[in-house]
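Listed features, source TrEMBL:
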| type | residues | note |
| --- | --- | --- |
| TRANSMEM | B:24-43 | transmembrane segment |
| TRANSMEM | B:63-84 | transmembrane segment |
| TRANSMEM | B:91-111 | transmembrane segment |
| TRANSMEM | B:117-139 | transmembrane segment |
| TRANSMEM | B:146-167 | transmembrane segment |
| TRANSMEM | B:187-211 | transmembrane segment |
| TRANSMEM | B:247-268 | transmembrane segment |
| TRANSMEM | B:274-291 | transmembrane segment |
| TRANSMEM | B:298-315 | transmembrane segment |
| TRANSMEM | B:327-345 | transmembrane segment |
Amino acid sequence: MTRPKAEPAGPTGPAGQPAGPPRVAMAGIAKRFGDVVANDAADLELAAGEIHALVGENGAGKSTLMSVLYGLLAPDEGEIRVDGQPVRFRSPVDAVEAGMGMVHQAFRLFPSMTVAENVVYRAETRGTAGLLDRRAAVRAVQDLSERYGLRVDPQARVRSLSVGVLQRVEILKALHRDAQVLILDEPTAVLTPQETRLLFDVLRGLRDAGRTVVIVTHKLGEVLELSDRVTVLRDGRTVARLVTAETTGAEIARHMTGRAVDLDGHHVPGTPGAPVLHVEGLTVGPPSGRPVVDDVSLSVRAGEIVGIAGVAGNGQVELLEAIAGLRPARDGSVRVGATLLDGYSAGRRREAGIAYIPEDRAATGSAVAASVADNLAIGFHRRQPLRKGWRLDRGAVREHARRIIEHFDIKVSSPSVPAGTLSGGNLQKLVVGREMAHDAPVLLVDQPTRGVDIGAIENIHARLRAYRDAGHAVLLASAELSELMALADRLLVMFGGRVVADLARADATEENVGLAMAGLATREVAS
Amino acid sequence: MTTTPTAPATTPAGRVRAVLRSPILLSVLGALLIGAVMLLGAGGNPFEAYAAMVEGAFGPTQWRNTLIVAVPVVGMALAVAVPLRAGVVNLGGEGQIVLGGITAAVVAAGVDLPAPLSLVVALGAGTLAGALLGALPAVLENRLGVPLLVSSLLISYPVVALASYLVRFPLRDPGTGLPQSRVFDEAYRMPVFAGIGLSALILVVVIALVVQVDSRTPFGYEVRLTGHNRRFTEYAGVAVPRMVTRLMATGGGIAGLIGAMVVTSVPYRFIDGALVVPAYTWTGLLAALLARANPLGAVAAGVFFAALQVGGFGMERETEVPRELSSILQATVIVILAATVAATARRARTRKDAA
């Protein structure tokens, strides 16, 4: 430990203006990668004892700015001051020395070692003969975890911990290095609502103890609930610095996108007709052993969006893949209308009327090295009008691509550029557009707006509602509760491969759903 | 996600820039440069050596030799490139070309047919045998999960040994002490028109067919996209296992055809090792890799490697530079190519991580 312990909250209030120099001041930061400008005159000021939200759309330069602050990237221009002193970080080691701490989105822990060992790694207390003092490590972790309410068993193996606890370990790691500035990158992306609440309590405690917390996020609800001040980045520049108590979600969103945005995403109920998709006792998994999808039955009606909530990894992906024919089912059956799909390949299921927007648009939903036109043609390429006799008509392929690009408002210079050059939101629109263009009676949707910016979210949500209103059945899995609330007419909750709750729209409160996601609810039957 | 700002490959200027920046040109030029440095170090004159090499490959009488070597090399390049287009690596070329050759030899030795029909049957049988042998590893992978890469390579060894046995015992020419078949009847000899063998003409037709299917048909489109991302085409409902079987059968069939055409050309007999020792298969594999499975590119790379080999003989005659330089150049091209491709991928990855 090289720095003195944290002083209690100094002359600054939670949302107040700092008295002395700010704890961290980044001014005029510019960072380019080749011709791509990631940061261009980005400013950020962090006070002691505040929770500061850094927001912006994807590609706005948030991660680059934080990488500069944590010494992972050297800025091309600009200055960083810590407590008024100019600093230059050549590596994260320098940054940690200056009191920075980072909790990455992907945790960097040793699974086979204990919590205590992970926390003290590279900042160990040495005992006799320079050996690791395990007891001191455990004590250090206990102290920290009591002081800040980060409940963790120091002796537990990291391998056996849940995601929420892993995150606590990462925070402990940073605190053990006496981080005065704690940077959290999308900290709630993998948490249940209950875990999120716990995390927020911890962060508030850290703030009240005089530390600085930076959350990098694009979730406005969290920004408003948690932060004291907000810095908004757009196109690599700082476009707004706001005091949270004096602003609104709409204002922040306007700064992020540069235009007015409709945020509320009110649920507009659909008018369901006859059931179209029937799933009966579907079970997926190895022939012996625990199934990943366990005896799931559900049905979706025409003109209805059925949402599937659940913490990632509870069988949602496998359920949708099994319905789409990409994963063999061990038991159970799937019907579309009167057609029984058992034993059908993915191709035949598509012919029978299933379209699918997969979770991972780049790994599954597209071939990023192929052109946009080629990516849009698949599934249409063996039928008129793209196919003429034995040939694939290139003109028709381009025409088909232009129609979808125009109709779904995909921003791309030409259908012949590689799909990988599109931004995340536009690539997602490409996948959504292609799958909706099939006009299939059943649409399976997995995480339709993960990692896309607000403009694209609005667009995709409106499309999904329109697709439902055209009389199609939509089965939608999402990790974003707000997304399900905005879209779903009925809500299923999956836990441990089972559907543990089946809630009518009116009964689907955040509390009910959250409890079910954590596996704490018995099955309720929708009215 | 960052947008990589390269000029779109659709404008003429962009296309020229893409070619200049392409790792293929870079690796060929780099190899020639390294070869030149080595020649200088050994006290040779690189300009003379390269000139002799070009002369030796494309001189007024030499181009026929180049063509004779180019047919099997280009053919085997296609045999690899066709499945590789979908990301499937066919390492079984050796077995496929030998099986095609020995099948044609068995037909020539055992079936008495009139002239054009005889060749049709011999080449057809060779093609079919190669196709079946090519498809076998694909079926094994689809049905039993045996990795195609491994099984296609391993199946080759017993096949080569079988051919070796046949030509040493039942088919052996008793007139010589060598492991080779009798010279085939007149009816089983490929005709030559003005120095260009019928083999070359047939190969041109095969190339044209492959290019057409690759670039113009729905099947070719599926194959290309599968090469980019197999998960994607599977997700989109393409029956990829069946596609793999077809591609391997096509690749094996081309290899079998090449084997049949080589044995029915001069010296009109199956000589043990004649299809294996010149390493047509492995040169073809390098050509297909250099072209990154593009069919026309594989043809060009195959001609390039054939010219390197034939030109190496001319260079050795004229300048006393040993023809091993050809092998060095060939290997250096591939090493530089692999290094640039890996470096490019790595740079792209770090850039993406940081943004």
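Here the Cβ of each residue, glycine as well, is placed from N, Cα and C on the backbone.
A contact links the transmembrane segment (B:24-43) to the transmembrane segment (B:327-345), because at least 3 Cβ pairs that are 6 or more residues apart lie under 8 A.
Across B:117-139, B:187-211, B:274-291, B:298-315, stretch B:274-291 shows the highest tally of CB pairs under 8 A with the transmembrane segment (B:327-345). Touching of the transmembrane segment (B:274-291) and the transmembrane segment (B:187-211) is ruled out by the presence of fewer than three CB pairs under 8 A, sequence neighbours closer than 6 excluded. The stretches the transmembrane segment (B:146-167) and the transmembrane segment (B:187-211) are not in mutual contact, being linked by fewer than three Cβ pairs under 8 Å (pairs 6 or more apart in sequence).
Tertiary proximity for the transmembrane segment (B:187-211) is limited to same-chain residues at least six positions away from its ends with a CB under 8 Å from its CB atoms, namely 64, 67-68, 70-71, 74-75, 78, 82, 104, 107-108, 113-115, 118-119, 122-123, 254, 257-258, 261-262, 264-265, 268, 295-296, 299. Counting Cβ pairs closer than 8 Å to the transmembrane segment (B:63-84), the top stretch among B:91-111, B:117-139, B:298-315 is B:298-315. Cβ atoms under 8 Å from those of the transmembrane segment (B:117-139) belong to residues 79, 88, 90, 92, 95-97, 99-101, 103-104, 106-108, 111, 146, 148, 151-152, 155, 159, 185, 187-188, 190, 202, 241, 244-245, 247-257, 259-261, 264 of the same chain, restricted to positions at least 6 beyond its ends.
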